[in-house]
Structures are given as C-alpha cells and as structure tokens.
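Worksheet: the structure to be examined is printed underneath.
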There are 2 protein chains.
Amino acid sequence: MKVLGKAMRSIWVEADGWSVGVIDQTQLPHHFATARLAAADDAARAIRSMLVRGAPLIGATAAYGMCLALRQDASDGALERAYALLVSARPTAVNLRWALDEVRRAVAPLPPPERAAAAYQRAAALCEEDVAINRAIGERGLALLQEAWARRGREGRVNVLTHCNAGWLATVDWGTALAPIYMAHDAGIPVHVWVDETRPRNQGAGLTAWELGQHGVPHTVIADNAGGHLMQHGLVDLCIVGTDRTTARGDVANKIGTYLKALAAKDNGVPFYVALPSPTIDWALQDGVREIPIEQRDGAELCDVTGRLPSGELATVRITPPGSPAENHAFDVTPARLVTALITERGVCEASPDGLRSLFPERTQAGA
Amino acid sequence: MKVLGKAMRSIWVEADGWSVGVIDQTQLPHHFATARLAAADDAARAIRSMLVRGAPLIGATAAYGMCLALRQDASDGALERAYALLVSARPTAVNLRWALDEVRRAVAPLPPPERAAAAYQRAAALCEEDVAINRAIGERGLALLQEAWARRGREGRVNVLTHCNAGWLATVDWGTALAPIYMAHDAGIPVHVWVDETRPRNQGAGLTAWELGQHGVPHTVIADNAGGHLMQHGLVDLCIVGTDRTTARGDVANKIGTYLKALAAKDNGVPFYVALPSPTIDWALQDGVREIPIEQRDGAELCDVTGRLPSGELATVRITPPGSPAENHAFDVTPARLVTALITERGVCEASPDGLRSLFPERTQAGA
C-alpha cells in the first residue's frame, strides 16, 4: 500500500541485497521511520520491542532473522541458536514458530554454504504467500463492498466500520479486514471507514487511521463507544474486522470490544463480516467463549497513554488516579451467531461448521 | 462522600459564611484542589471552564453565583445581569436555567436588602433537595444490590459495572448511579465496581475511579471495550448507569457507549439498571433514538488525551495522525427494551409507559 504516495510493503530486503528493512511501528502515527535489520539480534529486538507487530509480519521478520543469522554463520549450532533466540522474542505468537520451522525445514538438509541463500528464498516465498492470501481475501471481500454500493443505488458513500488494525501494517501487504477496503477504494467505490480508536492500545487511532490516510482512503476516527449510535442512525453499511483465532463452528476471537460491535450490528441489521487467512482457523475448537483462553495484559496499557506533545516529542501520560487498579483483557470472542459471514482466501462462507466445511472440505474428517 | 478520609460535598459555603467552595474537577484525578468563588464572575467561570460539571452541580453553582452577585448589589439591574451572565455559562444545561429561575423567583418580589439572604436560603435548599433525591435513589437501588448479594448466597463480591460518572462529583452528594453503590458499601455488602474508562473524556478513569477510591470502594478500571467479555464470563452481577434524559416510555439517553453495554447485558442475562432523578424524565418524548438530538462535540476531545507526566505535571498528547478527522458523538440512546428497570427517587419501576406512570400517576394525563 502507499506511504507518502509511494507503494511499499511492511518488510523488504534492502538494495544491498541482504539487510532487511521494516517500518518502526512504535513511532506511528507520529513519525514515519524505517529500521534496518542487519543481524538476527536486530530482528529479535524488532519483534520484542514491537517495531513490528501482527502475526504475519512477526513471522516474516523472524524468517528474515534466520537469514541474517545464517549469512554470518551457517553451522548447525548457529541455526539452532538463531531459532532459539527468535522463537523466544514473542513466546505466544504461533505464526512466529511456524515461520521459523518453515525456514529451518528448508535449510537444515542443505550443506552450510547453501543455507543462507535457501533461507532468503524461503523467507521471500513466505512473504509472497502472505500477500497472495491477503490479496485473495481482498478480492473476495470486494464483492461484498460492491453489493453494499449497489444496495445504496451507487449514491453517497459506503460506510464501513472496523476495529483495531487488521491492515497491511500487521501483514506484509494489503492486510486482512482492510484488504477489501483498499481494493474497493482503488476500484473507485467511494468507501469511507469509521475507525474505532481501539483502546487500550489505540491501534485504530494510531495504525489504521495512519495507513488509510497514507493510501488516501477517506476515514474518521471514533471512540470505541460510538459504533452502536452510528448503526442506530443508519450510518454504517457494514462492519469488517480481523480475527486472531476462529473456531471450527465460526466463533472468532479478536481485539477486545469486537463482540460489542457485533451485538450492535445484529441489533440494527448491519452485516458483520470477519476476514481471516485460513491458517488462523483452529479446527480443534468449537465454543470460542468457553475454549479460547484470553490473554490478560498489563493494566498499565490502559492507564498510560502515549502520544505527541505539541512540541512534537512523544510522551506518556497517566489518566487514572494513583491507587486505582486496572484490568486489561486483550481479546474477546464473538459467537458465530453474530457473524454474517467469514471472508477467507478461498471465498465467503457462513460462520458455521457447514459453512467452513464447504470451503475446506479436506477438514471434514478432522473437524468431526 | 469521603475525600482523604473526611466527609465532604461537591459544593459548600465557606467558614466565612458567604463565599462558596467547590472542587476543581479539571485537576482530578491527578490533584485534589478546591477553588473559592467570591463573585458571580467566579461562579460563571467555574461553570464555563468545567471546574464543576454534572447538571445538578452546575445548577447549584449557578444558584450560589446569584447569591454572590446579590451580596454585592441587590438591585433589579444587578439581578438580571447576574442571571444573564450565569445562564450563558453552559447554554444547553437545562438544570442551570431551572436553578437560576428558582432563585430569581424567590428573591425578585423582596426588597433589595433582603434578597441576598433569601438567595442563600434558596440555594441551600436546592442543594438539600438534590441530596434528598439522590439519597432516595440510593436507598431504592440498595435493595437491588442486597438482592444481588443474596443471589450470590452472600459469597464473594457483588460486581457492578458502571459507565461514565454519575457519582457525587456530578451532584451535590451521593450521585445517582453510584448512590446505591455507596450505600451498599457503607452497609457492609462487599461491592466491587468495574469502572468503564468512558472515552473520549475519560470520566470513568478520572472521576469515578477517584471518587470510589477516596470513599474506599473497591473498583477496577477497564477499557470501554471490556464489559461484554466480562459479562460473557459471569464477572458482572448487574450494571447501573445514570442518564441525561429519559423518555415517557423509558428510553434513556446517556454517555456514548451505554447502549453497547446494555446490549451485552441483555445478551448475557445481566440486569441493566438506570438511576435517574425524576426531573430528567421528558414526558413529551417517546422514541428516544428518533427524538432525542445527540450533541456532537469537538473531535479534539478524542484525539487529545490529558494526563499526568511522570514529573507530576499535566500534559496533553495527540494520539491520532495529522490529517485524520475524528467525530465525537457525546451520547447515545438505550431503548427501553434493554433496560431491566429504572431507579427513581420514588422507587424502582419497569422502563415502560406503564412502569413510569405507576410511580408518577400525576403524569397520566400529560403523558397521553
């Protein structure tokens, strides 16, 4: 997607042919800065300190971290040390381990002198696969936006509400929930996005607003509290959100607050779509509310807000009184009954066991 | 309620017998400071710059502003000038105009030398009436908390979720939604309050957390996004919120986001109560979503967050990117079908035309 008018991805190999560039997302939306990763340590640090975030981008960064390590030392010992270093950078990130396994599997059987080149090849392929999946999600979702535009008689604008950041900054390009929006915008549909601020980490106000703005997509930031009111007044045509984990019956775990928006959508007859790459489907789970453990993060994320002072400097202010505790539940689960449809790279389906099996018939046995 | 272990109200006459003290709420929750109002100008400024907020407290401050004016000059001209000054301090505050009318009506027929004393008397009476209404709401609501405690078999704690600040800082004492909570706490029921942060102005994280903490009521600040998740997991026994305006059929306008919590309460079988002084019932309205106009405030309230720097100084940081617009809808309407019951100073009733008429039979004709 575009930044300062120029197409870019969230991760790339630099012109030197080996070092790796990423956007320093901790500075967004206030400063646009990139960082150059020249060793596995740099990649681990970028993941740990959240210069990069979002499961697919973390995976891609880890894969390139392996490349950087093998470039310096391609021995079996170095391979295992790099794996151990990178896998511990965000211990709960499933995608991170998967990407590292992919690279290790590709290079371990090779003689050491061939390993670095093979690792770069595999890392690049992982990135292309991610882009292809998201492009497919975008194309599938685009049809839903075209329908919404037709329902409006091609008058006014199509208002889409989204929560958190499921955009290209979380992936390699396109994003998941935002991919259909970028495609609709690029196709000339007058789409306008209501961007939920997404407390407590403000990924909407910070990252989603920034990436939509850079690509030129009209948008308005709102409080997480506002979506229901907008839907009551006909100001939302559809919702699209991402998900971290989907169960075999279509329950979706996503950023805290998603469930509240889905309730409001249901109450007002607004379609509520969830965009997901199929690897995030957990075929072993059914009842998301009961079975998906929800991460509790530090309450300080709620109490302390970081932003830009009038001077341009970044600062962090505390908004709660001394002695008032805070709890920070990071995700919630939206039951399938509130989800109009799932948008996957294979197509759009009902959020139900049958719906998912219709797109993924190879899972019919496994899902039983 | 208590501050630093000492009982106090949100407004009082100072020991000198004529000047008026208020809490500077713009400094909360970071610094506890009081301000002395010695002239009508001071009172108008306190209202305009939001040292005081909340309809009942604004009314009380305006009433005392009239006293301060009449103390200096009790002529008809001075009376009208003070009225005009104070009524323009927050033009949309209905309670403000009502309180000013009450004082003017009480003093206008009197000879000027008697006016100041009569004004002080009327202002004090207005404060006492507010306290009496809120105490009655507290007593009515206490019964609901006692029931919730009994339903728990008197085990653990009673978890109450509230939104925004409908506490004593918004009134003269007790508050509306928080009055039952203070009474339950004082009566030894182990109540714990989930305090919605309440974006964009953070009245929950700032004011509600502060007043509960000062009075010693256990509480936890949460993101506005979190309530649905807590209810899905049985962590909320009941919700109590305030309201700015209630229709004759029981629809309630309250701080933006209230509707989302009411939806979650309904979806999870959690009782959802609304506490209100009966003067906020608008008997002329029925359908709140269609008939109640919703104030749109400056988007900067969402983009700019004020809090305490590590140095202790207050600062404001911007959380959105340059060029991203924000919208700030201040209230939403929760339809009566989502409200378990209304708590008024006359008792608890169903949120319906019949429910309200059962408590306010004198309105039977007017409400037709």
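Even glycines carry a Cβ here, placed using N, Cα and C.
All TrEMBL annotations are machine predictions without curation.
Among the candidates A:R9, A:R90, A:R290, the one that TrEMBL lists alongside A:R53, A:G54, A:A55, A:Q203, A:N254, A:K255 as binding substrate is A:R90.
The distance from the Cα of A:N254 (substrate binding site) to the Cα of A:D244 (active site, proton donor) comes to 5 Å. The two recorded residues, A:Q203 (substrate binding site) and A:C164 (site 'Transition state stabilizer'), have Cα atoms 5 Å apart.
Highest Cβ count within 10 Å among the binding-site residues A:R53, A:R90, A:K255: A:K255. For A:K255 (substrate binding site) paired with A:C164 (site 'Transition state stabilizer'), the C-alpha to C-alpha distance reads 7 Å. The DSSP secondary structure for A:K255 (substrate binding site) is strand. Of all Cβ atoms in the protein chains displayed, 20 besides its own lie within 10 Å of the Cβ of A:D244 (active site, proton donor).
Here substrate is bound by A:R53, A:G54, A:A55, A:R90, A:Q203, A:N254, A:K255 per the record. The longest Cα to Cα distance in that group is 18 Å.
Taking the C-alpha positions, the distance from A:R53 (substrate binding site) to A:C164 (site 'Transition state stabilizer') comes to 13 Å.
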